[in-house]
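Per Swiss-Prot, the features are:
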MOTIF     23-51  motif 'Q motif'
DOMAIN    54-224  domain 'Helicase ATP-binding'
BINDING   ALA67, GLN68, SER69, GLY70, THR71, GLY72, LYS73, THR74  ATP binding site
MOTIF     172-175  motif 'DEAD box'
DOMAIN    235-396  domain 'Helicase C-terminal'
Amino acid sequence: MADKGLEDLPEGMIESNYEDVTDSFDSMELKAELLRGVYAYGFERPSAIQQRAIMPIIKGNDVIAQAQSGTGKTATFSISALQKIDPNLKACQALIVAPTRELAQQIQKVVVAIGDFMNINCHACIGGTAIRDDMKALQEGPPIVVGTPGRIQDMIQRRVLKTDQMKLFILDEADEMLSRGFTEQIYDIFQLLPQATQVVLLSATMPQDVLEVTTKFMRDPVRILVKKQELTLEGIKQFYIAVEKEEWKLDTLSDLYETVTITQAVIFCNTRRKVDWLTDKLTARDFTVSAMHGDMEQSQRDIIMKEFRSGSSRVLIATDLLARGIDVQQVSLVINYDLPANRENYIHRIGRGGRFGRKGVAINFVTADDVRMMREIEQFYSTQIEEMPMNVADLI
């Protein structure tokens with residue numbers, strides 16, 4: 001079928017023309033140090049966009065990916081860029097442009113963290129900082145440079161940011177960038193790059209001006225559309241237990257323990273300190289629990305996760321960091337020892353991917369101070385959290 005113009009597609013959506021999926025990082029044939037960095041960063045398996053977009057980028061295709069934030073897109077292009085560069089070549093080989101300073105700095109942090117074992121230097125070129133500092137940093141030839149369009153264009157024109165070794169040009173949040181009036185700078189940057197530079201464009205929406213960039217500057221691009229997986233509270237019974245004061249939560253949990261271990265449960269606390277404290281207290285009462293949070297070494301987290309997945313550990317105490325990372329499809333009970341500090345995390349803790357259609361029970365410990373937050377959560381998700389019945393064990 002002839003490639004139909006992207007312009008004909010309905011309401012700013014692109015149509016995928018690439019269906020290959022690589023569902024583990026191990027199968028991506030990444031450099032050993034990079035793979036180590038990916039796992040150390042806390043990833044266990046690739047998200048939908050990572051499964052689809054990393055391989056074509058590594059293989060050298062131009063890629064258009066339509067994906068919302070929260071889908072794992074930053075890591076998608078960071079991993080790809082780290083795989084493609086030669087760390088020993090002191091010259092810019094991958095250039096990433098983002099619409100805001102904050103986003104550029106965030107991307108830089110991700111690149112440095114995932115590239116930790118490759119000793120990669122990644123420089124952020126952003127407005128509002130001294131040009132002198134940029135010039136000095138760029139003279140050292142960092143292999144990956146990330147920045148905002150104005151400053152990047154300026155640095156290339158001054159010949160401080162050299163483009164002769166450039167292999168990869170990544171535009172993140174292209175729709176944002178063009179709607180903020182950076183079109184001219186973006187076009188200028190394209191003109192200043194070597195003809196053969198591979199182009200990767202990421203955008204949540206595909207308005208006309210973004211499509212024009214893809215037609216003008218991209219060669220036969222792979223198109224990937226990733227819809228954000230909708231989490232749902234459907235099929236999940238939500239209860240609360242009124243706890244007069246914080247100190248009583250521990251006894252409440254101990255009373256529930258028999259019920260809890262009928263199946264596997266995840267217990268969420270709001271801080272790492274609380275996770276450690278609760279783990280100690282429960283262990284002292286001879287309850288078997290495992291704990292996991294961001295302060296732990298990745299290898300340790302992997303072991304705990306493996307034990308939990310295999311069912312040899314039944315109760316996992318964790319922080320929100322893991323709410324998004326734990327594939328808790330097999331978990332039918334979640335206890336919020338602390339209500340989440342922000343309501344968005346509530347659905348990450350207890351929600352389920354619609355296609356799994358899993359049943360489940362969530363129990364929220366609620367002190368007088370938490371009532372307002374609970375009402376907010378109910379309103380935000382248009383859901384009902386009811387007082388826990390006596391026969392909760394029958395529902396799990």
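Cβ coordinates are placed from backbone N, Cα and C, and glycine is handled just like the others.
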Cβ neighbour count within 10 Å of ALA67 (ATP binding site): 22
Fewest other C-beta atoms within 10 angstroms, as judged across GLN68, THR71, THR74, which are the binding-site residues: GLN68
Residues satisfying Cβ distance under 8 Å from LYS73 (ATP binding site), sequence separation of at least 6: ILE49, ALA53, ALA65, ALA67, ASP172, LEU202
Same-chain residues at least 6 beyond the ends of the motif 'Q motif' (23-51) whose Cβ lies under 8 Å from its Cβ atoms: 58, 65, 67, 71-73, 75-76, 79, 82-83, 110, 113-118, 224, 226, 229, 294, 298, 301-302, 305, 321, 325, 327
